[in-house]
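**Student:** The structure's right below; bear with me while I get my questions together.
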Amino acid sequence: MNTSARTEPQATGLSSRGGSNQWLSWETNFSTQFKFWSREIMIGALSGGLGTIVGHPLDTVRIRMQNRSVPTPIPMYLNHSPYHSTNAPLICIPSNAHSHYSKAIESNTNLNSSTLRSQTIRSSILSIRSLFRGIGAPLLATPLLTATQFSTYQFCSRILQSATHPPEARTVAIISGATAGFMQCFISTPTELAKIRVQSSSLYRGVFDCLRKTCAQEGWQALFRGFGVNAARRVPAFGVYFFSYEEMKKIPQVHTYGLAGTAVIGGLAGVIGWLSTYPLDVIKSRIQNDAAGKFTSTLHCIRYSVQTDGIAFLYRGLTATLIRAFGMHAVIFMTYESARKHFVQ
């Protein structure tokens with residue numbers, strides 16, 4: 001008889017009810033438990049890394065749109081800001097990406113069509129590369145964040161389900177998801193601060209240069225600027241996120257389409273989670289990008305932003321964010337569920 005089937009924790013989805021008391025017992029083989037949770041962490045890290053690569057370009061667009069203050073476009077050759085202030089999400093790219101082409105025009109240099117074409121191609125490549133500015137921080141942090149997210153969700157789910165009178169599945173999903181969101185804040189606050197500043201400015205050579213300069217000029221405490229509003233966003237957002245996913249998994253047609261169905265509901269869960277608290281993310285981005293210390297508090301940031309940009313600033317970058325959320329979380333859940341079926345169950 002296969003004894004490992006009795007000792008290794010099993011799960012039919014992100015959470016499970018069957019045999020939930022067994023995993024808590026110290027009589028359960030330690031190596032089996034260690035193997036299980038190690039796999040959970042590695043699978044979560046893998047899914048987060050792939051999701052980051054897919055979603056980072058649109059994340060750069062989101063951050064630039066959230067932090068811009070000028071609502072109207074500025075001509076490329078007159079713009080001296082790190083990125084164009086524009087209402088078009090996909091045109092929100094650094095002005096220096098087109099420097100070679102615009103300088104040639106300004107100086108009235110006689111260029112043949114071949115030279116102009118090569119300048120345009122180079123400009124396009126620079127534009128694409130600019131969308132990956134600041135990817136170092138999420139590539140390092142997001143695998144850790146998703147590992148924390150899924151392992152915390154599993155851990156809390158099993159704790160709640162092992163109670164004498166366990167709550168219903170919906171409550172388990174909301175509480176476990178909210179707890180996972182809170183645990184992420186200790187990692188996401190400093191890494192997102194560095195990512196946001198690198199994405200929004202050309203003053204930093206990279207993520208580590210940003211962290212070094214921030215600590216030197218503002219103190220290490222500045223790395224946790226925006227922790228409160230970050231927690232206020234993530235706790236309810238991840239409760240909604242996991243609740244939505246678990247509820248959509250109950251739709252019979254989802255299982256008919258296999259991984260494609262998982263990708264769709266994972267992407268939709270990401271969209272719903274972001275929609276639930278998006279204005280708080282805009283506020284968080286502005287607070288974390290405030291290296292000059294212009295905002296004295298969260299309320300001050302809100303009042304100042306409403307006065308200068310209007311209430312609509314709370315939804316800047318929403319379109320790019322939702323497109324990114326669908327693609328990124330579709331990849332995360334598809335990778336997580338497929339890897340978990342193969343390695344854990």
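Just so you know, glycine gets a Cβ as well, placed from its N, Cα and C.
Per TrEMBL, the feature repeat 'Solcar' maps to 168-251, 257-342. Per TrEMBL, transmembrane segment is recorded for 257-276, 313-336.
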**Student:** Same chain, outside the transmembrane segment (257-276) by at least 6, Cβ under 8 Å from its Cβ: which residues?
**Tutor:** 236-238, 240-242, 244-245, 248-249, 251, 321-322, 325-334, 337-338
**Student:** Summarise the model confidence on the repeat 'Solcar' (168-251) as a single mean pLDDT, whole number.
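**Tutor:** Mean per-residue confidence for the repeat 'Solcar' (168-251): 92 out of 100.
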